[in-house]
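According to TrEMBL, the features are:
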- Cys2: active site, nucleophile (ACT_SITE)
- Lys603: active site, for Fru-6P isomerization activity (ACT_SITE)
- 2-217: domain 'Glutamine amidotransferase type-2' (DOMAIN)
- 285-424: domain 'SIS' (DOMAIN)
- 457-598: domain 'SIS' (DOMAIN)
Amino acid sequence: MCGIVGFVGKKQASSILVEGLSKLEYRGYDSAGVAIIDNDHINVVKCKGRLKNLENKLSEHPLKGIVGIGHTRWATHGKPSDLNAHPHNSQDGTISVVHNGIIENYVQLREWLTSKGYKFVSETDTEVIPQLIEYFYKGDIVEAVMRAISKIKGSYAVGVICSKEPGKLVAVRKDSPLIVGLGKDEYYIASDIPAVLNHTRDIYLLNDNEFVVITKDGVKLLSEDKKEIKRDVYHVTWSANAAEKGGFDHFMMKEIHEQPKAIKDTMTSRIMPGKPITLDDIKITKEQIKNINKIYIVACGTAYHAGIVGKYVIEKLVRMPVEVDIASEFRYRNPIIDEKTLMIIISQSGETADTLAALREAKAQGARVIAITNVVGSSVSREADDVLYTWAGPEIAVASTKAYVTQLIAMYIIALFFAQHKGTISEEKMEEIKKDMLTLPIKAEEVLSNKDIIQEFAEKIYKEQDVFFLGRGLDYAVALEGSLKLKEISYIHSEAYAGGELKHGPIALIEDGTVVIVGATQGYLVEKMISNIKEVTTRGANVLAFAFEGSDEVSKAVDSVMYLPKVNDIFAPVLSVIPLQLLAYYISIKKGCDVDKPRNLAKSVTVE
Ligand code: M6R
């Protein structure tokens, strides 16, 4: 996730681009840059760090020109650095490009372009775009962009300028957002509406595979086969603040709704039907995997809950012993580690002090460390031996949602990668699992479309003092996460228990009206869960269960059920956590709490 902007008009572009970028910093902030055409030259200023650094650099090296593009980056390929920052230029410097998305076939394109004599200066996937455009350029930039785009696989919103056609800006999108702002004698492109709202409220919303050509005379929308497209102007009536949240009231709700895309992005180029799993930043060899005799998964908070899912899945698919630990416990308990130990560290921010300390402890004792993190270039990613990035984009709300589901996806990918190397599941089974996994984005959308049931339930129970969550197996892991979410943002006391533990103590707390949320998605455990449900309903509990569609036995046992579309049981947590996130959200709103910034909490816990 990154933010792109572009401008064509009569005013100086530089300050307009920077102002637009400032409204898109929520989409990424590890580096930023602008490229502006001055007569027949493209000048680029870009640098690592927040937009402030770019502003300082621009005040030292001001750029002149009335046509330009800008970018604020959230790194996926290549660490945050001056060189990896966008815009990226073609080899001869005549073409400059900003890009948001992921180019899946960049390795092949890079090799092909290298064989044609092109040299690359960055580690990004993006740099293939300007080089390809330069390769195809024969005097018509629109034609060259179209030819280059036809070679690219993946997701993109791209803005292009060319010094040989200095009054023009070309843009295109597929699976990444892009809008066009229509001012008076000036035009804009942007990843999101807030970037243009200070200048215009009239915009074109672009669809996939549509091209935009902007000159001082106006905007033309073109289809892939160069047919002109007519589009109605959309007039924005929201406030700038609401627009930044994509029309949602809070970042948390926006991020909950971004989960289908985040899931898809995290699987992109890693899980493909009929192809082995290949992971760019994981260098561990087949031999080294075979040598491992124990895995520790270590993390904090929500990331720790993703680790519990990881344990169940790795043990099931790879048949290796896995221990999950809370980082603050692990670092002080003198764990048994040697060079046959593998540690998997999970951290959204990659900067959590306890997690980092646990990583260092394990490395010092000879373990190999794989990091799962959302932040390219974070401390965890730099210190681990191997990294698997979750491509969730920046998570702003303190309560983690999309980072969690992508951590689950990362755990499945690692489990399948190990199973592939150790041969613990047949090729046929592997294909079946991958096929099912690839349906998760669409099924997550389906769950989101049923949120009314959750809202109604939230309205009934928001005054409760205590809520209990129950589950067995993977449902227990999700219960822990649901309970954490609820206490974090609604301040309701809640506990999660493994179903079988109920009779060992917690059942003493169940009385008339006690709210119990039950997970019953694991086929082989559903009967056991129904017994647990009966144990609490006989004592007067008010139960909301989540189960797969068609689980009639569950619906008969409870008052309220949230049905989830059927997937392989191992993937249930990806879907079942969504209603729990929504429940916490709706209760928090109803209670008037600060959803995005709950009391006493911080997004990144960099102190012990
Ligand atoms: O950045 P990390 O994933 O290392 O953060 C770990 C926890 O602090 C974090 O998951 C925390 O529990 C969240 N607020 C949960 O919503």
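First residue shown is number 1, and so on along the chain.
Glycine too: its Cβ is placed from the backbone N, Cα and C atoms.
The residue listed as 'active site, nucleophile' sits 20 Å from Lys603 (active site, for Fru-6P isomerization activity), taking the CA atoms of both as reference points. Within the domain 'SIS' (457-598), the DSSP-based counts of helix, strand and coil residues read 75 helix, 29 strand, 38 coil. Under a cutoff of 8 A between CB atoms, and with a sequence separation of 6+ in the same chain, the neighbours of the residue listed as 'active site, for Fru-6P isomerization activity' are Ser349, Glu395, Ile396, Val398. On the 0 to 100 pLDDT scale, the domain 'Glutamine amidotransferase type-2' (2-217) averages 95 in this prediction.
Of all the Cβ atoms in the protein chains shown, 27 others lie within 10 Å of the Cβ of Cys2 (active site, nucleophile). According to DSSP, Lys603 (active site, for Fru-6P isomerization activity) is assigned to coil rather than to any helix or strand.
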